């Protein structure tokens, strides 16, 4: 988990530094003559960067919802990022209009401010709806809104919000909402404090509610905390636009970009971690937590198909008279015996050896880079450890001593398929059990001749 986090964080950091360098270079070569304004090309670059970041976040959250449909809150959270995408597209179109000199700077700045206000409100409200669903999922309580109603409300803010913002923009003068305007000095933008205060209050409320219910756990909702906290910071900066227009804009947009990148890292790490857990569950035996039969055969297939000529060994182990243990002491004790034997085998083999449960009381071990003599010595050590440590040992709470029989085959040929190799090891195990149990039979595949 930590390695994935470091790799993704490093990639994001390099991308961020590269992006900031492009913005600074662009601003340097596009310095205005009289007005102290942000170059429109720089504005476009930032909007496009935020667009792609939110696109990645939207896709990841949708995939995570498809992966686990019980987490409906992830679906609502993905719609929050989708709403941002719509507003970013509209903002880019508006900026293009002023570049083509279709509208005055004052009108365009006010329209941009309107869509920014609605983008912030939609993002905050949709995240809040997702949070409400998450709390109900965690507490198993009935949600205030049904999933269908929540989805309808979310879709209204995703698609209805831009329509309302369009009506309140310069396209309809009778409904035009005046949020920001250019000052007479240096063309700086001044926001009305009341609208900024509303946004700050909404984000502070969301931040407080999220911290109350989710705390600072390392999961997706930790990313929501980052979004809300940074939104408070860069919206507070709007209050100082009248005095420090350009520098404040760069600071606020940098905070927003960094916060979105941080959230993307958190989302990716969380989702990759969840997928790893699922994969691990699919490959593990639920009782012993060692690998299961399917994983063992997959690894055996890979090993047998390898072009390397290094010898490897397949061991099959079986607990002697295990049915008698179950009949005498019951299945719970039988399960404890299985876990005890697994623990002893795990401590007896090498760190790189693969241990799996291939049957009820049967276990398989795949060992690489080992010859016949070393395989026989290792198998004997395993057998002796099981016999010795299960007798009168307070470390293992089992009522009687148990023994195991081991059959093994060593080969370095890749002519045999996995089933044939396993069958040879199983035949060696059969020989060990038929000739007295509690013993080891190891065969080299070249010298092992089966009876017809």
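Glycine too: its Cβ is placed from the backbone N, Cα and C atoms.
Since we're looking at a predicted model, the values are computed, not measured.
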Of the residue ranges 149-169, 170-190, the one that Swiss-Prot records as transmembrane segment: 149-169
Membrane topology agreement for residue 42 and residue 387 per Swiss-Prot: no
Which listed span Swiss-Prot calls transmembrane segment, if the choices are 220-240, 283-303: 220-240
DSSP-assigned states of the topological domain 'Cytoplasmic' (67-74) in counts, ordered helix, strand, coil: 4 helix, 0 strand, 4 coil
Outside the topological domain 'Cytoplasmic' (67-74), six or more residues from its ends: residues with CB under 8 Å to it: 61, 130-131, 133-134, 137, 147, 150, 220, 271, 274-275, 278
